[in-house]
Structures are given as C-alpha cells and as structure tokens.
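**Student:** Here it is, the structure in full.
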Amino acid sequence: MPHRVGGPRRRWDWVLASDPGLADLQSAWRTLICLVVGLAVGYGMSHALSFPSMLGMMIGALIGQLGATLVADNSIAKLTGGTLLMPVPLVAGLTASTWTQPHRTLGMWIVSAALVVVFACLKFGPVALRNGMLVFVSLLMGALMPLTRAQCGRLFVIAMVVAVACVAARLALAYPMPYEDLLRTQRAFVIEARRVAGAAAEVVAPADPSADRAAALRRMERSLRRLTTRTLTIDAQLAQPEVAADPHVAELLHQHLFDCELALQGLGDAARRIAGTPMPQALRDAVRAGLETARDIPLRRTGTLRPAAERIRAEAAAAFPSAGGSPAQEQPLAERVADLLDELADSLTAWLSLGRASSHDRTRAPFQPSVVLEAGVLPSSGPSARRVLAGYDGPGWRRAVPYVRAPLQAAAAVAITVPLADALNPARFYWGLVGVMITLLGNNTLSERVRKLFHRIIGTVVGAVVGVALVHLIGPGHVYWTLTVIVVACTAGTWGMKRQYAYWAVGLVTALVQMYALTTPTGQLDHLLTQRVEDNGLGIVVATLCASVIFPAPTRRVARESVRAHLSAVADLVKRVGERWQDPEAPVRLRGAGLAVSSALHQAQAVHHPLLRLPIGGRGRAIGNRLGLLSTATGHAKALAAAADIDIDLPPRIREQVGAVVDTMAGSLASLGGIVVGAGDGGAWVRVDPLLRDLRAELHLATGPRADAMRRSFRELASLDEALAGLAAVYGAAVAAAPRTAGAPVRRPLAAD
C-alpha cells in the first residue's frame with residue numbers, strides 16, 4: 001500500500017476528509033479547464049472563420065461546461081468518443097432552431113417536446129440521455145442566439161475544434177486515474193479512523209475534566225457514519241476494471257477494510273458504554289492511552305497497538321484480581337477494547353501489506369461489488385423508488401408504464417407550465433421549463449422535490465445578490481473581468497453540486513447575472529431575477545404536482561420498500577452463513593453480504609431522514625425508533641459476517657440445527673418484509689433463541705479459536721434476532737419462540753482446532 005495512504009497525519013488531510021477521492025475538486029477542475037479552453041478556442045476560431053465572437057465563445061463555453069459535467073468516464077475511449085460526438089446533437093438542435101425562429105409558438109412547443117424526449121431517453125442509458133439533453137439545450141439556446149442557417153456550417157467546425165481541444169486539455173491536465181481516486185478514498189478512511197479513535201479517547205476519559213463529553217460523543221458518531229460511507233465508496237470503486245485488475249486482490253482488500261471498519265465500530269461502541277460505567281482511574285487511563293495510540297501511530301507501525309492492548313489487560317487484571325468479585329461490566333469492557341485493538345492491528349497489517357505480499361494469494365470467491373455508485377455517489381432513494389415503480393408493471397398496457405411514466409409526467413407538467421410561464425414572462429418562458437427539468441430529473445420522492453424547490457429559490461436569491469454586487473463592482477466594459485467571474489462561478493457551482501444543489505444554483509445564477517448585464521440595464525436586473533425565481537418556482541411546483549398524481553412513488557411507500565430491502569439483505573447474509581457452515585469449501589462472500597446490509601441501511605436512512613424532519617409528532621419518534629433498530633441489526637449482522645467466516649467441519653447433528661436456525665430466521669425475515677410493505681399474510685416473527693441455546697450447549701466442551709468464533713457467531717445471531725424481533729413488534733407482527741430441538745442436547749466437543 002503506498003505510503004501516502006498509511007502515512008502520518010498531514011495538514012491537508014481535512015481536504016480529503018471532506019471530499020473523499022477529491023471527486024468534487026476534480027469535477028471543478030475539469031470544469032475550469034474545459035471552460036477556459038472552450039472560451040479561448042471558440043474566440044480564436046471565430047476570428048479565423050469570420051464568425052461572430054460572442055456566438056463562438058458561447059458555443060465553446062457550452063461544450064466546455066456540458067462536456068465536463070456530462071462526460072465523466074474513466075475510460076479514455078468513452079471520454080474521447082462522448083466529447084467528440086457532442087457537436088453533432090448540439091449543432092443539429094441549433095440548426096433546427098433557425099427554422100423555427102420566425103414561428104415563435106411552433107418553436108416554443110418544439111423546445112417543450114424536446115424536454116419530454118429527454119425523459120423518454122432515461123430508459124435507454126446515459127448516452128441517450130446525454131444526447132437528448134444536448135438537443136434540448138441547443139434548441140433552447142437557438143431561441144436566444146441570433147443565428148442564421150448560413151452560419152451553421154462554420155458553427156459545426158468551431159464546435160468540433162472546441163471538442164477536440166477539450167479532450168486534449170482533459171487528457172493533459174485532468175487525466176482520469178481511478179486507482180489514484182481509490183487511494184485518496186482509502187486515505188480518507190484512514191483519516192476518519194484516526195478521528196474515531198481520538199473522539200473515543202475523549203469519550204472514555206476527557207483530557208480536560210471540564211470538556212464536554214457529549215460533544216466528543218457526537219464527533220465520534222459523525223466519524224463512524226463517515227467511516228461507513230468511505231467503506232461503501234471503496235467497495236464500489238473496487239468494481240472498476242481500471243482500479244483492481246485482479247478480482248482476488250480486490251476481494252482481499254475488501255475483506256481487510258471490512259474488518260478494520262468493524263473493529264473501529266466496536267471501539268466506538270465500547271467507548272460509548274465505558275463513558276457511562278464507573279471504572280478505576282488507572283484502567284480508564286490505560287484504555288484512553290490505547291485509543292490515543294490508535295489515533296497517533298503511523299499505520300506502518302501497527303505493532304505498537306499490541307503493547308497498548310496488553311497494558312489494558314494487565315490493568316484490568318490488577319484492578320479485578322478476583323473473578324468472583326468483578327463488577328458486571330468494567331473488566332469485560334476493558335478486555336473488549338484490548339481485543340479490538342488487536343483485531344485492528346491484524347486487519348491494518350494485512351491491509352497495508354496487501355500490495356507487497358498478497359498479489360499471489362487467491363480467495364475462495366473473486367470480488368463482486370456489493371455497492372454500485374449512482375452518478376458518482378452512493379445510492380439513496382433511487383433503488384427503492386425503482387422497485388416501487390416496478391410494481392406498476394403488469395399485463396397488457398401496464399408493461400409500458402416504466403417507459404412512459406417519466407415522459408407522461410414531463411408532458412403534463414410542460415403542458416401546464418408553458419402557457420402560464422408565457423403569460424407571465426413571454427420573453428423567457430423557458431425558465432419554467434428549466435424548473436420542470438430540474439424537478440423531475442434525479443428526484444424520486446416528494447420530499448426530494450420540495451427540497452430541490454427550496455434549494456433552487458435560496459440559491460437563486462443568493463446568486464442574484466452576489467451577481468448584482470459583482471456587476472456593480474466590475475462596472476460596464478470590462479470583458480475579461482466578466483469572463484473571469486463567469487468561469488469562477490461555474491467552477492465553484494460545479495464543486496458544490498453534489499454537496500448541496502443550492503451551491504450549484506448560486507454559482508449558476510452568479511454567472512448568468514454577468515451575461516444578463518450585457519444586454520439588460522443594471523437597474524432592471526432586480527426585476528429580471530425576480531421573474532426568474534417566479535418562473536423557476538412555477539415549473540418546480542407544477543412538476544411536483546404532476547409527479548404526485550401520475551404513477552407516483554409516494555415517499556412513505558419508498559421508505560417501507562427501503563426497510564424491506566434491508567431485511568432482504570439480512571436474509572441473504574443469514575442464508576450465506578448457513579451455506580458457509582454447511583459446506584466450508586463453498587465460494588461464499590460473507591463480508592460482501594455484510595456490506596450489502598450496510599448499504600441497505602444507508603439507503604433506508606437517506607429515505608427516512610426527510611420524514612424525521614417533518615412536524616409529525618409521535619410518528620416521527622416511531623420512525624426514529626425503526627431506524628435505531630435497523631442500525632442495531634446492521635451492526636450485529638456485520639459482526640456475524642466476520643465471526644462466521646471460518647473453515648469448520650461441523651458434525652451432522654449441529655449442521656441440522658444450524659439449518660433449522662437459518663430456515664427459521666429466513667422465513668421470519670421474508671414474512672416481516674411482506675408486513676412492512678403491506679403484502680404480508682399476518683405471519684409472526686419466530687425467535688431462534690431457543691435453537692441457539694441448544695447450539696451453545698453442543699459447544700459447551702469445545703475449545704479452540706474455531707469454537708470461540710462459533711460462540712461469537714451464535715451471540716451475534718441472538719442479538720440480531722432480538723433487534724429484529726423488536727422491529728417486528730413495532731410493525732405489529734406477532735413474536736413467538738421456535739420449538740426446542742427434540743431431545744436433550746448432547747454436549748460433545750467439536751473437531752480439534
């Protein structure tokens with residue numbers, strides 16, 4: 001593993017922590033490069049071809065901005081091909097707009113129809129969507145640009161040269177390096193791991209007695225959430241062929257990072273429990289010192305974690321010399337921290353030595369991603385919404401619903417918005433169309449669309465204030481300063497686009513104000529920008545209403561589907577545990593299944609959090625309770641995935657009992673999933689704790705690391721069963737106990753380790 005991943009803390013680590021992989025900065029850098037190149041080449045080619053400079057620079061900026069945003073492939077062939085094809089739909093749309101310029105009404109409805117076509121392209125992949133978007137944008141721009149048909153040939157030449165220049169600039173200055181992105185994300189993982197350890201140390205024993213332990217606890221919880229996000233992102237990045245050509249190496253990296261995260265999550269949980277437990281000061285100081293060692297040491301010297309763990313064990317033994325007189329929690333908690341520090345040292349050592357030693361190792365099953373990024377980020381409500389919408393599918397005409405739903409919503413919204421926007425502001429009716437587009441594109445639920453509305457309004461207002469202030473500051477006639485503001489505003493907006501949509505709106509409106517100032521008197525800018533807010537808001541409101549009526553995906557139904565998907569992921573993990581124990585040689589990826597549970601929890605939280613913010617009283621508390629139970633179940637599921645991944649040949653009787661546990665829990669999960677989405681038949685959650693007690697009795701005399709791992713697996717299964725039984729009770733399902741295994745359990749040891 002390169003030194004820059006596991007090296008000591010650096011001053012710029014906060015940048016990676018806030019932007020893992022530097023994805024946002026890279027997007028902004030691409031935009032800056034392409035905008036500058038597009039403007040410069042467009043201006044130069046305009047002079048060379050005796051073409052209006054303003055039009056040439058406009059087409060150059062358009063290709064630069066859209067190319068940097070819409071063409072973000074890591075493959076050189078896709079990047080080059082996608083960028084070089086952009087002038088074709090772009091100039092085709094501009095040429096078509098020259099035919100409709102004398103016919104305003106016809107042109108207005110052709111632009112509207114083009115927007116509907118954009119949503120029809122959603123089902124045909126990103127290339128079709130990109131080309132549809134380019135046609136729509138070009139028709140929109142054609143209505144504003146004083147372009148003639150005679151100029152279209154030269155415009156195409158300018159656009160092609162700009163596209164070639166943008167490709168060359170990106171390959172020279174922003175060459176796609178997915179492996180480097182992965183290393184940066186891993187470094188972000190290391191940064192968050194240090195933050196978790198440091199915050200846990202403050203929770204256990206604050207260095208300053210007057211320090212706010214609750215604040216340290218909140219910092220630790222935030223770092224733990226970010227740690228999980230980094231792990232999920234790394235798993236998705238490993239699926240790229242340019243990142244890990246050997247799937248077995250990718251699987252080893254995946255396993256070690258999973259174990260690192262699990263150990264750190266365990267340290268956070270132990271610190272949380274120690275904070276509320278009376279403990280001898282010497283032992284508390286030893287625990288704090290161990291956590292500070294995990295925070296401060298260079299990761300290439302992970303062996304120093306082991307002396308810290310031994311010190312904790314020694315202090316625990318000295319504090320509680322008699323097992324009979326030990327308090328209920330203090331000694332086991334301290335020893336748990338020591339064990340977790342050892343596990344963290346083992347997993348970090350294996351991870352950091354991966355590049356040197358394990359390239360010759362072969363895993364039982366090659367890597368398969370448990371997480372798939374959507375638009376470069378972790379999925380949120382999208383998968384659950386798509387499954388809800390798939391429920392509209394059926395025989396006859398319903399087969400067409402997945403294909404016509406988005407176009408129908410767009411067509412209805414356009415049919416209502418265009419006449420109203422034209423009546424309010426005939427010269428800029430298209431602002432209403434833009435509101436329709438940003439509402440329906442990329443938003444799956446009502447809460448997401450409402451949030452987009454507020455972000456658009458707030459971003460437009462702030463951008464207008466900033467833009468007008470800059471217009472007054474720069475003054476008229478300073479073209480280069482105006483272009484600089486436009487480029488910087490678009491770059492900053494692109495940087496913030498994936499963080500908050502309002503950031504992009506601020507940057508975009510700031511840039512547009514500079515362009516409006518070229519043709520609009522400064523005193524009229526305020527009125528113009530007010531009209532923009534009104535027209536955008538009109539399109540967003542109308543589109544939101546149409547999406548809520550025409551084949552809708554209700555937020556609560558999507559939320560229930562996300563819970564069902566989480567239960568399905570847990571069921572898949574439990575079944576894989578059964579397969580692993582029934583056949584030790586089976587190519588089963590338990591850690592991959594555990595990460596899939598974590599990904600499902602991330603999606604459920606993304607869907608439910610908007611509901612938590614609504615003023616819905618007791619219902620909001622119930623949602624918080626469900627998320628808490630899901631989070632608890634996820635923690636036990638991930639711990640089960642790590643503990644159960646052992647090679648062991650179980651006796652036939654134990655295999656039969658394990659099969660009964662797996663079948664019972666899988667059946668309960670399937671029944672509960674049906675109840676959650678309203679398709680259940682009133683089934684009960686059957687507790688497997690009695691069956692697990694029989695299994696623990698079978699292992700009473702067994703010794704060795706494999707038997708210990710089995711006991712940990714049974715404890716995690718029991719805890720998982722308890723959390724899910726609580727969730728079943730929340731959803732109104734009956735809870736019953738599974739019948740004990742017939743006959744008294746025979747206490748026999750397992751095969752020797």
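Start at 1 and count along the chain as shown; that gives each residue its number.
Each residue, glycine too, has its Cβ placed from N, Cα and C.
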**Student:** Looking at the candidate ranges 427-446, 587-606, 627-646, report the one that TrEMBL labels transmembrane segment.
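**Tutor:** That would be 427-446, the stretch labelled transmembrane segment in TrEMBL.
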**Student:** Per TrEMBL, which of 28-45, 190-207 is transmembrane segment?
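**Tutor:** My reading of TrEMBL: the transmembrane segment range is 28-45.
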**Student:** Please identify the range among 79-100, 563-584, 651-672, 673-694 that TrEMBL labels transmembrane segment.
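**Tutor:** When 79-100, 563-584, 651-672, 673-694 are checked in TrEMBL, transmembrane segment belongs to 79-100.
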**Student:** Should anything in the same chain at least six residues away from the transmembrane segment (427-446) have a Cβ under 8 Å from its Cβ atoms, list it; otherwise answer none.
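**Tutor:** Here the qualifying positions are 108, 111-112, 115, 118-119, 136, 140, 143, 375, 381-382, 385, 406, 409-410, 413-414, 417-418, 420-421, 452-453, 456, 531-532, 535-544, 547-548, 552-555, 558, 607, 610.
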**Student:** Pairs 6 or more apart in sequence, C-beta under 8 angstroms, 3 or more of them: is that satisfied by the transmembrane segment (155-177) and the transmembrane segment (51-72)?
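**Tutor:** Between the transmembrane segment (155-177) and the transmembrane segment (51-72), contact is present.
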**Student:** Please count the residues of the domain 'Integral membrane bound transporter' (420-545) that DSSP assigns to helix (H, G, I), strand (E, B) and coil.
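**Tutor:** Tallied per class, the domain 'Integral membrane bound transporter' (420-545) gives 109 helix, 0 strand, 17 coil.
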**Student:** Residues sitting near the transmembrane segment (28-45): Cβ under 8 Å, six or more positions beyond its termini, same chain?
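**Tutor:** For the transmembrane segment (28-45), the nonlocal Cβ contacts are 51, 53, 56-65, 67-69, 72, 157-158, 161-162, 165-166, 169-170, 173-174, 483, 486-487, 490-492, 494-495.
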**Student:** Quick one: do the transmembrane segment (453-473) and the transmembrane segment (79-100) reach 3+ CB pairs under 8 Å, ignoring pairs fewer than 6 apart in sequence?
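**Tutor:** These two stretches do not touch.
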**Student:** So if I exclude everything within five residues of the ends of the transmembrane segment (501-518), which remaining residues of that chain have a CB under 8 angstroms from its CBs? That is, six or more out.
**Tutor:** 451-452, 455-456, 458-460, 462-464, 466-468, 470-471, 476, 482, 485-486, 489-495, 525, 528-529, 532
**Student:** Applying the under-8 angstroms CB criterion, which one of 51-72, 479-496, 538-555 scores highest with the transmembrane segment (79-100)?
**Tutor:** 51-72
